[in-house]
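Structure first, commentary second.
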Amino acid sequence: MSTEPILKARNLVKRYGKVVALNRCDFDLYPGEVLAVIGDNGAGKSTLIKALSGAIQPDAGEIWLEGKPIQLPSPIEARRHGIETVYQTLAMSPALSIADNMFMGREIRKPGWRGKLLKQLDRKEMERLARDKLNDLGLMTIQNINQAVETLSGGQRQGVAVARAAAFGSKVIILDEPTAALGVKESRKVLDLIQDVRSRGIPIILISHNMPHVFEVADRIHVHRLGSRLCVIDPKSHNMSDAVAYMTGAKEPDQHLETA
Amino acid sequence: MSASDYESASKGASSDVATFDDEEKGLFGRFHHALHATPALVPLIVLMVAIGIFAIVLGERFFSPGTLTLILQQVQIVGILALAQSLIILTAGIDLSVGAMAVFSSVIMGQFTFRYGLPPAVAVAAGLAIGTGIGAISGWLVSKVKLPPFIVTLGMWQIVLAANYLYSQNETIRSQDIRDEAALLQFMGIRFELGGAIITMGVVTMVVMVIVLAYMLRSTAWGRHVYAVGDDPEAAELAGVNRHRTIMSVYMLAGFICGIAGWIMIGRFGSVSPSASTGVVGNIQSITAVVIGGISLFGGRGSIWGAFFGALIVGVFELGLRMAGANAQWTYLLIGALIIGAVAVDQWIRKVTA
């Protein structure tokens, strides 16, 4: 590919005691694409994603965003750079409302002295924006933007988390197992959301175990094995059994794939 | 794509918003929902019922402006401590040292004035600063060293109380001396009458603080972060909340509020005594008020109004039963039952699907 990767990592290393979770791992995400990251359990997918989202700091290696080297000491810093992550655990506060959760950590204050002096939150504006974002993504089944997140179904919660990422993720959105806990219809909705976000030009990193989902939405597939990138495959020229074979080590990829 | 063919089977399904018959819930369900949305409602109802019962049984002797405001005066110290305790408990912590911090702050205010001859205003500021500083140490131990709040504040309780005796050499500053030489220390004891009701500056301070804290918790980003950190600290952090700063601010603010409580103690008792009972019982009393007020000990749920009502409930029971001539043990017995009842109600409210 001739264009420059929007998010690039080289030689990432992360050790947990004697366990090597990332072993000189490389990573490339190109503008506007959906890149799936697949790998067996324990291959280090989560560690890679955490390093890219600022949740952990690699022991060695470098990360570039839009060609510029960046440090990601915390998730807050990653978000400041426009990298939004939907964690498997969703990272929501169950007792707080949908609007509260969507704006957690980047609340909007009232204009004028009430916002400046009294630091008063602009609830109306946050509720309006939250409702807009959910509507944008076709999540209208949520009736009340002020209902507590704990009263939502699993799919709705996932939808709110994706909407939150889509609303603020200006550069990269990372989705960690977004369909793992969902039913058929709800999974479909999340896949549609992914297409929708891609059509707005925001690249997505999708971590998933679900091969049909991966092959449906991904433009490229990063196969992770033993703590590093084994190869990158094109879902159009490979099938699911190839992917599973690479992932589990049953088959070694062709030499030319490794640099793809 | 053949793999997604199975999904087409759901095409015929209705895509309407799921609606549920609200009528089925009925009055009881709506009540349950109201409690879930407004957690301070339960203690408010209990408070009103308690006042009503004592008013009927004791008549005007109890239900008079003088008696009702006497209750406010009696709960002002515990009430303020309960506010500090509420903040900590909302972050899923607990503070066993609030009473000790209050006593130590009051001792600092007194000793700085009388031992070092500092102006009372400076001494008061120093007392508040010491309270805030102790809170900062506890907060740092909880947030950075990741010690359980129970352990940190259990230790801090002993340390602060001992420091308080060592520093003051167990010396009491007499009310007369304070009145003559440093009236500002007794500022919180200034009282004024309004048609039989007696209000002190301490009571006014307590009510103002409830209102201010309720506003901060509800209507500022900081308040939302306090709830989020108490609800699920990891989720809050991943969502972009600075957990460390939130916890530090909560413990420091709680320490500052305890300093205010220390100032109010001087107003209430007139003297400064390092052996004031607040240092020992104040901790538990504040937790009692918070629990009766419906704030969940697991963090993230409840309102500061609840803690205020909780403190008032205890005050109403204490004075009402004493006026009725009951043995003081009945008060403790009833408070004990209320604590267990309040937590049972909390569990029931939290069952969203009930």
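Cβ from N, Cα, C; glycine included.
Annotations in TrEMBL come from automatic prediction, not curation.
What TrEMBL records for this protein:
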type	residues	note
TRANSMEM	B:40-58	transmembrane segment
TRANSMEM	B:70-90	transmembrane segment
TRANSMEM	B:121-141	transmembrane segment
TRANSMEM	B:147-167	transmembrane segment
TRANSMEM	B:194-217	transmembrane segment
TRANSMEM	B:247-266	transmembrane segment
TRANSMEM	B:278-298	transmembrane segment
TRANSMEM	B:304-321	transmembrane segment
TRANSMEM	B:330-349	transmembrane segment
At an 8 Å Cβ cut-off, counting only pairs 6 or more apart in sequence, do the transmembrane segment (B:304-321) and the transmembrane segment (B:147-167) clear the bar of 3 or more pairs?
no
When only pairs 6 or more apart in sequence are counted, do the transmembrane segment (B:278-298) and the transmembrane segment (B:194-217) reach 3 or more Cβ pairs under 8 Å?
no
Do at least three C-beta pairs under 8 angstroms join the transmembrane segment (B:70-90) to the transmembrane segment (B:247-266), pairs 6 or more apart in sequence?
yes
Near the transmembrane segment (B:247-266) in space but 6 or more residues beyond its ends, with Cβ under 8 Å, are 76-77, 80-81, 83-85, 87-88, 90-91, 93, 95, 98, 101-110, 124, 127-136, 138-140, 142-143, 178, 185-189, 202, 205-206, 209, 222, 226, 229, 272, 276, 278, 282
Where among B:40-58, B:121-141, B:147-167 do we find the most Cβ pairs under 8 Å to the transmembrane segment (B:330-349)?
B:40-58
